[in-house]
Amino acid sequence: MEPPTSSRLNSRKRRKDGSGPNGATELDGIPPKMSRRSLGLREPAPFSDEVEIDYSKPYIRVTYEEAMRGTPLDRPVRVYADGIFDLFHSGHARALMQAKNLFPNTYLIVGVCSDELTHNFKGFTVMNENERYDAVQHCRYVDEVVRNAPWTLTPEFLAEHRIDFVAHDDIPYSSAGSDDVYKHIKEAGMFAPTQRTEGISTSDIITRIVRDYDVYARRNLQRGYTAKELNVSFINEKKYHLQERVDKVKKRVKDVEEKSKEFVQKVEEKSIDLIQKWEEKSREFIGNFLEMFGPEGALKHMLKEGKGRMLQAISPKQSPSSSPTHDRSPSPSFRWPFSTKTPPSSPASRSRNESAVTYDISEDEED
């Protein structure tokens with residue numbers, strides 16, 4: 001049983017020496033982990049009328065300094081954020097994330113206005129109130145949802161929900177005959193500003209849909225929606241169907257053009273390869289032809305060698321120079337007086353002359 005005790009001692013030492021996880025120290029740069037009391041991490045956030053509040057304890061607001069220092073786990077800082085949250089998007093989620101991270105221990109309450117208030121003070125919404133409630137419930141930063149939230153916050157509402165701070169962007173929100181509906185909250189020191197996410201808003205999304213209305217109408221008609229469901233007239237329906245067919249034809253033509261371009265490109269590549277191979281083969285053939293039949297080719301050398309061998313075979317063999325000669329001494333020639341003709345030569349000299357003549361002739365033929 002000794003090894004387990006030693007391992008326990010080592011593990012205790014690591015936990016004691018290192019202030020962070022796995023024995024890490026503050027110098028390692030690992031941020032310390034904080035416990036979060038949030039139901040929204042595992043299940044949808046509950047509605048306010050489903051949450052029990054212990055009213056026996058007195059409601060005492062925490063100051064900004066106390067909230068920043070951190071409050072006990074059983075007394076989180078209750079932050080309230082309200083809005084319409086129509087077409088819930090990343091801008092809404094980022095605003096709620098900022099509200100959740102305002103203080104070390106935050107309980108985020110989100111109020112969603114009803115359809116009646118929204119239509120009266122702001123305008124028509126794409127999603128109804130139940131869809132907007134459900135969208136906010138499933139945001140991971142939300143701990144509690146207030147349905148039918150008031151347009152202007154009253155002291156009674158703040159006390160009922162025991163709200164410490166109200167989070168919203170710092171831009172004055174003029175509505176309901178007021179230059180800023182959060183003016184009294186700011187004066188009471190309960191306002192906690194957040195930053196808006198640029199480039200994304202419900203109005204921007206609606207603007208995109210309205211701008212590309214024909215595209216989305218054709219898209220939904222293609223997916224099986226009827227013209228009545230899309231509030232599209234009979235003429236526009238036929239126009240959209242015709243445009244869809246024209247687009248399909250254009251796409252086919254474009255595909256054919258791309259395929260033909262690819263085919264032509266492949267043919268050009270193959271033709272270039274064939275021309276290069278033909279040029280290489282032609283150069284090789286010409287080189288081989290010149291090596292065989294050129295002025296210094298192998299054929300000429302073969303003919304010369306053949307001629308030399310033939311001449312050696314035809315010409316008689318000369319006697320060795322050491323052998324004694326048996327030729328007779330030439331007889332003295334007799335010249336007739338007043339005659340230009342040479343006297344007849346002897347047979348031996350005649351044969352020598354003929355051999356010389358044949359030798360000369362053969363050399364001429366060779367030249």
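Heads up, the Cβ atoms here are built off N, Cα and C, so glycines get one too.
Given the ranges 15-42, 239-266, the record in TrEMBL names 239-266 as coiled coil. Panel annotation: around the coiled coil (239-266), residues 214, 217-218, 221-222, 232 of the same chain, lying at least six beyond its termini, place a Cβ under 8 Å from a Cβ of the stretch.
Applying DSSP to the domain 'Cytidyltransferase-like' (80-208) sorts its residues as follows: 45 helix, 26 strand, 58 coil.
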